[in-house]
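Quick notes on the structure that follows.
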Amino acid sequence: MIATLFIIFAFIRAFPWSRKRGRPALALTLMPEGGEDHRGDLNQKGENNNRPRPSISLANNGEAMAPRTRRKSSKFHEVTFSGSVGGGDSDGGGEAINGGNLDVSPSKRHSLSTTTSNSSSAPYRYLSGSSRSRGSRGDCHEYYQLQQHSSSLSNGNRGNRGLSQRSDTMATEAEGEEFDVDPMDEDDEDQTYDRETEEFYSNIQDAAGTGSSSRSKRSSLFSRSDSSATTTSSSGGGTFTGGKRRSAASILSSSMCSDLMTSDRRSSTATEYSVKSVTTGNTSQRRSSGRIRRYVSRMTIAGARRRTTGSFDVENGQGARSPLEGGSPSAGLVLQNLPQRRESFLYRSDSDFEMSPKSMSRNSSIASESHGEDLIVTPFAQILASLRSVRNNLLSLTNVPASNKSRRPNQSSSASRSGNPPGAPLSQGEEAYTRLATDTIEELDWCLDQLETIQTHRSVSDMASLKFKRMLNKELSHFSESSRSGNQISEYICSTFLDKQQEFDLPSLRVEDNPELVAANAAAGQQSAGQYARSRSPRGPPMSQISGVKRPLSHTNSFTGERLPTFGVETPRENELGTLLGELDTWGIQIFSIGEFSVNRPLTCVAYTIFQSRELLTSLMIPPKTFLNFMSTLEDHYVKDNPFHNSLHAADVTQSTNVLLNTPALEGVFTPLEVGGALFAACIHDVDHPGLTNQFLVNSSSELALMYNDESVLENHHLAVAFKLLQNQGCDIFCNMQKKQRQTLRKMVIDIVLSTDMSKHMSLLADLKTMVETKKVAGSGVLLLDNYTDRIQVLENLVHCADLSNPTKPLPLYKRWVALLMEEFFLQGDKERESGMDISPMCDRHNATIEKSQVGFIDYIVHPLWETWADLVHPDAQDILDTLEENRDYYQSMIPPSPPPSGVDENPQEDRIRFQVTLEESDQENLAELEEGDESGGESTTTGTTGTTAASALSGAGGGGGGGGGMAPRTGGCQNQPQHGGM
């Protein structure tokens, strides 16, 4: 009984009872035209309308005067909401608010700016003389009160519920009394209250399920970018930005997607409201029960989770309530504007790379107010931009008003380019009319040409992939023409990062039609049979077994004691290791020192520390001892003899993945299951790597290549080994998961690891860039990430970026990784030389050009990838891009000049000698010498220069045996010089 009375008393204290205030204040009320009759209709219907209506309170003449205060706070808060108003259902219920800048008084600079798809001006009139009693409040101020048309009030359950619904980010009026009060009455009471009380009632309404018809169509989205908290509606793209971060319950209760927006999600007309709340020194604060607030907040969070769309299910269905299921609390990313910086080759003009005029991009910038300066390069986004331009041109040419049912805003970018002011009507005989009509036809023709090239079995992102490959091939062809080393680097990039899938012409495959070709192929096959037998790998284990899986060693892979190591490994240097592991959230950690301090167990300690710090062992129900058993077994299956692809590389990729997952733009986007799956994929992505490339395994007809049909051979093998190790006793870290959760995680891990195949690089890049630019062109600027395909695409690119993150690390780390990778390449080249195979590009230790290869690697592979990732999470990756550019400049400065400095004095003589040994030039020189009467001197000079040529040739041939450093072109040129000298 006492507890019940206490709760009732607390609720009474929390209820915002109306209080009489002594000082009157001028009230300004914005009403639709219609006079007193219309206002009477509103008052008549007020009794049946229980929904509070939003109002905006403004200070006088820009002064800091607030009608309401925020409890326990003396700071200034500014809240801006960009939502969507207008549209409505097909029945046209409710009118959209419309208007421009409304100036109430010359001395009062308050304005309410709205935009809508309706072309008529908003009929508001100014009502003055209305005063309200303010009680003990010591200041006078004015306020605006938005009142919607009676038709929208009578259609409250329809789609256009715009301003008749509750606004959690504004002050609201009382529900029952508002319509009964005459705005001219001085005894009217103020129904405003502080922000926390407003949020408290918002929580009560959410917990009670009010307005569920509209809230069921939204998914809450919280994405923090830069220094401010940003809440983004996944259904309409509105953003709520506060001066400081609020509590989770407060943010959830102010998910404004359905509060100021139509529920059918067809309106994208933006309306901006700005609310300022400033505390005053002598205001009486309204107190409420914190216990009730916390209870209702918990109910609100639980309700929001139940309403979240399941976004990471295998079947793209609705997720369950468990945190392990696909329903993520926030399912989207806010795309920001990008700064001006050095751009990759993807942003160069299409006309320089594509011969067909049908493939040239017509739009180089986005027709969007929020992303007006961002360039678009993907064909599908360019098609959308062109079609949007065609639509806007059609509206200008036909003078047809835009329909309220359209969810696309009116944009007159094309009209502006044609020299005509936006929104101005055009006459048929004007020059601007003819020019705009011609541009429209050209835009439409270009779109049709592009759409005709789309094949039915390919996605729209393949258009970007094919375009990027053509541009890269053109770039590499120019790069290879520069020098012999450039040709080698181009071959390496093409063979490694471009998929070998090609379109085959079926009739051309019929070789039996040409008997001569058949005979030639048979002879060539007999000649190469012996060489093929020598280059073929020895027979391995039966294909029914997974090669590389060792028998588990219980004495080294299991922990029998009660105490587990603090960082997962037993090491005498635990303090030093703990200091380094404390910086796991830092980009460019000293990973080599971690490998040293962890007794060559970097992967185990890094993975264990990350899973512990993220509380994934608890959320995913992983026993710590089982996790350590699996990680130790996994690390044992990494080949320690590999210079690069060993457990240290896996630890580096896992740590980089952890840092990228901590990106502020991705905060709260992914569930624990998704985060754990991405980290698990990073741990296993190179297990049992033989230190050889996929192309080598295919060329040598290895057992792995035969087993996986030459398709992502190593990546499939890594997955098979890792999931096989989970079947070892005491190693199944996912044993406590439900069957559906385990299937989801397995599919996710498979997709992520397969995406680490470097031949899929261009497809991954094209998919991500198409998705980002399409959302920008659409005008929303928000990636909803509300289905499995979009979410796994982001995670695939995240791990792929981590796998290619060495050039973005500090220069000492980068140089060390480069040396290890090149040594592994050289070992493969040595094996190819011994087997009589063709040496792969960049694998010949005698002709490698390390510096130039790194510059080409950054320019054509790493920079475009990280540029796109930085576009996605801007501005969180700007420091990484800066480091990448610095490292690129360093290697560019280290490229030996051509010719090298050591041969500067010899090169002019060598070039002169090459022309002297030519017959015609020699005769001319001898003739000139005979005419001068100095024949003997000329002969001695010729003999001396010839000896110099031979000496330089010998010195050049002797210097060609060294390693890389850009010596290959000079060595090849010197080897031909003795032949000239002997002529």
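Backbone N, Cα and C define each Cβ position, glycine as well.
What Swiss-Prot says about this one:
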type     : residues                                                       : note
BINDING  : His645, Asn646, Ser647, Leu648, His649, Asp686, Asp803, Gln854 : 3',5'-cyclic AMP binding site
BINDING  : Asp686                                                         : divalent metal cation 2 binding site
COMPBIAS : 174-199                                                        : compositional bias 'Acidic residues'
COMPBIAS : 920-937                                                        : compositional bias 'Acidic residues'
REGION   : 31-333                                                         : region 'Disordered'
REGION   : 349-370                                                        : region 'Disordered'
REGION   : 400-429                                                        : region 'Disordered'
REGION   : 528-566                                                        : region 'Disordered'
REGION   : 920-983                                                        : region 'Disordered'
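Asn646 (3',5'-cyclic AMP binding site) carries neither a helix nor a strand DSSP state and counts as coil. Highest Cβ count within 10 Å among the binding-site residues Asp686, Asp803: Asp686. Counting only residues at least six positions away in the same chain, the Cβ atoms of Tyr638, Val639, Lys640, His689 sit under 8 Å from the Cβ of Asn646 (3',5'-cyclic AMP binding site). In the three-state DSSP assignment, the secondary structure recorded for Asp686 (3',5'-cyclic AMP binding site) is coil.
A 10 Å cutoff on Cβ-Cβ distances gives His649 (3',5'-cyclic AMP binding site) a total of 24 other Cβ atoms nearby, all chains included. Other C-beta atoms found within 10 angstroms of the C-beta of Gln854 (3',5'-cyclic AMP binding site) number 26, with every protein chain shown included. Within 10 Å of the C-beta of His645 (3',5'-cyclic AMP binding site) there are 22 other C-beta atoms, taking all protein chains into account. Long-range neighbours of Leu648 (3',5'-cyclic AMP binding site) (same chain, six or more residues apart, CB within less than 8 Å of its CB): Ile591, Phe592, Gly595, Pro602, Leu603.
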